[in-house]
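Peer 1: Heads up, here are the entries from Swiss-Prot:
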type: TRANSMEM; residues: 13-33; note: transmembrane segment
type: TRANSMEM; residues: 38-58; note: transmembrane segment
type: TRANSMEM; residues: 67-87; note: transmembrane segment
type: TRANSMEM; residues: 125-145; note: transmembrane segment
type: TRANSMEM; residues: 192-212; note: transmembrane segment
type: TRANSMEM; residues: 222-242; note: transmembrane segment
type: TRANSMEM; residues: 243-263; note: transmembrane segment
type: TRANSMEM; residues: 298-318; note: transmembrane segment
type: TRANSMEM; residues: 359-379; note: transmembrane segment
type: TRANSMEM; residues: 399-419; note: transmembrane segment
type: TRANSMEM; residues: 435-455; note: transmembrane segment
type: TRANSMEM; residues: 519-539; note: transmembrane segment
Amino acid sequence: MWEQLYDPFGNEYVSALVALTPILFFLLALTVLKMKGILAAFLTLAVSFFVSVWAFHMPVEKAISSVLLGIGSGLWPIGYIVLMAVWLYKIAVKTGKFTIIRSSIAGISPDQRLQLLLIGFCFNAFLEGAAGFGVPIAISAALLVELGFKPLKAAALCLIANAASGAFGAIGIPVITGAQIGDLSALELSRTLMWTLPMISFLIPFLLVFLLDRMKGIKQTWPALLVVSGGYTAVQTLTMAVLGPELANILAALFSMGGLALFLRKWQPKEIYREEGAGDAGEKKAYRAADIAKAWSPFYILTAAITIWSLPAFKALFQEGGLLYQSTLLFKMPFLHQQIMKMPPIAPSAMPLDAVFKVDLLSATGTAILAAVIVTGLFSKKFSSRDAFASLKETGKELWVPIMTICFVMGFANLANFAGLSSSIGLALAKTGDLFPFVSPVLGWIGVFITGSVVSNNALFGHLQVVTGAQIGAGSDLLLAANTAGGVMAKLVSPQSIAIAAAAVGQTGKESKLFKRTVAYSLILLLIICIWTFILARLGV
């Protein structure tokens, strides 16, 4: 049994700085050294291994086991999800459905600023609410490329758009997890987030149009922007207040997407915006409603499948004692499972950490996407099973590098968690006293940057936020909300998100360029959250 050591140098700030070394190296590798994502991720993993074993005295066999668990998590479920999502997209392209999809979107508006709002913001948010785990960024970015957007720009815009919806991904799991850690109801934490996230949700559509066409774009499309921002923010806020986090994205996205489509039947900007090299807006051919519905079928089949997979009754089938429980394979990691003790104040008392590699063959989100692939293939008469498998092989060849990048990132994330590196950073930030509400979102940002997940971030730092809040007299619900909101802003730049987005638009190897496009906006949005959280704490919210 090994106990985590959070201050190996006898100075919390020095220990935190050493723990921060792998993150600083990764940032340097992408921005200054301009390494490819896979090399930057591998070297970051090597640096974190050295820091964990040498500085934080983690036994070598436990460090190796934690890395292997992380790499396994990168393959399943994350790599599986990305592979299935891109495969579905490729089938939609190869069956000719995108010609009709492009025309149907152009029929709503040929203006790329408005197409960005429909697909990059609304549809992105809808998929985030239904699936999460990289699916919305992969699908919506690929759709934008088909509509004539430049690949890296499409990926960056979808990453930035995700700031409005990332807290409520996969039926609200991040908020539900944070609430459990803080001994709150999901509705309580959701209502606290009402004070923070709707402000960001309202700003994001304006930011997206500004990035595409500067102030000219905002001036020319402000009525549509008000429909999207106002509708999305109002419904998201109302849902958070009345129903909780589960449907906050889905209802808001459906309302704003439907509202914008109806509004654009009566209003269009005087000047149509198309990016240079984007070509025309798509075929002007009038398709039958049945043809349009069939073209969009891969995505509403995907939505239906993910919705079914998210139902409590369906999930119950895979729980212990459930009919399909045996379909989930569990592997306890040697030298790691319950062999490391998380210590106070990170945990209420010394507690062993579980380390189980879970292969949920049927209940995984990737399997829901696979079901959508199968149904789509069955209804595509001119697309044989041989064509489908050839497309899968092509997808695998394209994605093996980004999936390995994700594996290395997850290896680092797991190592940072099990070695106590993340906790060391968190404890140093918690020493800021009355200023902690200002830095509380920064802790969430670091958590998501490391793990790539708002859920994992809340599980990692949620208790620390609660403990620190009790020490300084700040509400635990506000700090948990800050941890969640700050974490969402890191989804714009987390290595996992960057790798998925780059792969989805065929730009693997250009992760550093994509990172540079999003990092400034991630930090600006984080600063807004920090200032606002500090103000709310001073007001006693």
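FYI, residue positions are counted from 1 along the chain as it appears here.
The backbone N, Cα and C atoms fix where each Cβ goes, glycine too.
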Peer 1: Taking a Cβ cut-off under 8 Å, which residues six or more beyond the ends of the transmembrane segment (243-263) line up next to it in the same chain?
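Peer 2: Beyond its ends, the transmembrane segment (243-263) has Cβ neighbours at 108, 114, 117-118, 121-123, 125-126, 128-130, 165, 167-169, 171-172, 174-176, 186-187, 189-190, 193, 201, 223-224, 227-228, 231-233, 235-236.
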Peer 1: Check the transmembrane segment (399-419) against each of 13-33, 67-87, 125-145 and return whichever range has the most CB pairs under 8 Å.
Peer 2: 67-87
Peer 1: Same chain, outside the transmembrane segment (13-33) by at least 6, Cβ under 8 Å from its Cβ: which residues?
Peer 2: 6-7, 39-41, 43-44, 47-48, 51, 55-56, 412, 416, 420-422, 424-425, 427-429, 431, 446, 449-450, 495, 511-512, 515-516, 519
Peer 1: Could you check whether the transmembrane segment (298-318) packs against the transmembrane segment (359-379) - three or more CB pairs closer than 8 Å, residues at least 6 apart in sequence?
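Peer 2: As far as Cβ distances go (cut-off 8 Å, pairs 6 or more apart), the transmembrane segment (298-318) and the transmembrane segment (359-379) touch.
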Peer 1: Give the one range among 38-58, 125-145, 192-212, 435-455 whose Cβ atoms make the most pairs under 8 Å with those of the transmembrane segment (359-379).
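Peer 2: Looking at each of 38-58, 125-145, 192-212, 435-455 in turn, the most contacts to the transmembrane segment (359-379) are made by 125-145.
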